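The structure under discussion appears below in the form of structure tokens.
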Amino acid sequence: MGITPTALEKTDKHTLVNLQEEFNKTKIQEVLDDLNQELIGLKPVKNRIREIAALLLVDRLRQKVGLSSSNPGLHMSFTGPPGTGKTTVATKMADILYKLNYIKKGHLVTVTRDDLVGQYIGHTAPKTKEVLKKAMGGVLFIDEAYYLYKPDNERDYGSEAIEILLQVMENQREDLVIIFAGYKEKMDKFYASNPGLASRVANHVDFPEYRPEELLKIAEMMLQEQQYQLTKEAELVFLDYIKKRMLQPHFANARSVRNAIDRARMRHANRIFNLSSKIVTKSNLTTIQAEDILKSRLFNT
């Protein structure tokens, strides 16, 4: 039942809502601050998440003062290349939804096609339903969601999983939020082929590629967490490494940076182990030199 003009007028005149106080109660700012600290760059993504959080908060305040409106669509699409923070942002989004009482538990369940689709008749439905059962009350994050749909194979069971997801998205919106993720071009085709699903996804967040300088900062942050550091020369060499690696196949942004760091640590350990003097300082153990990076195959091709 909607609010009459008279009732709305009374609400406007006599109901005061302290927006800052309500915002502080939710502790959403803590989540947004964590997002800023944990993720380098990605300003458009952070702004979009803040916009979604603002919509959800205002919707809750409207309900509080008796204003009627349909619930905002909560299902989302995260598009962008791998290693750009989609899973991290999904975790924070789950926390925001929980703090605003849109979901009951606030946990994140991450899956791919293999977790949902069976290999024979009658196998897909129980697999998908089991995943949904685990995710209820939280957020289900489906990575590389486009692999659910294989139009060139009429016997593929992915379409069965999609049908079950559609039913849950429509009928259990209060119990579960689904985030579909993957490369933008492939996700666009996926939605075009599944208009029923696309119409139920209200929030789209595009994750851009990192710039080389941002990836260097990510590397330094990863190293700092492990109590390592790069020399100034090593910083320049690592930046050069990133630029070269970005031109190679299967580049995965922060994931590729993490892999490069792991290999640099291995070379660093071998260099330390092979020192003529077996007495090493704390600085020796924590400092990665340019040579630890220059031994990469990228510099030898």
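Cβ coordinates come from backbone N, Cα and C, glycine included.
Taken from Swiss-Prot, the feature ATP binding site covers GLY80, PRO81, PRO82, GLY83, THR84, GLY85, LYS86, THR87. For GLY83 (ATP binding site), the Cβ neighbour count at a 10 Å cut-off comes to 21, with all displayed protein chains included. In this structure, GLY83 (ATP binding site) belongs to neither helix nor strand by DSSP; it is coil.
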Starting from the Cβ centroid of GLY80, PRO81, PRO82, GLY83, THR84, GLY85, LYS86, THR87, the recorded ATP site, name every other residue in that chain with its Cβ within 8 Å, sequence order please.
PHE78, PHE207, ALA252, ASN253, ALA254
Binding-site residues compared (GLY80, PRO81, PRO82, GLY85) - highest count of Cβ atoms within 10 Å:
GLY85
On a count of neighbouring CB atoms within 10 A, which of the binding-site residues THR84, THR87 is highest?
THR84
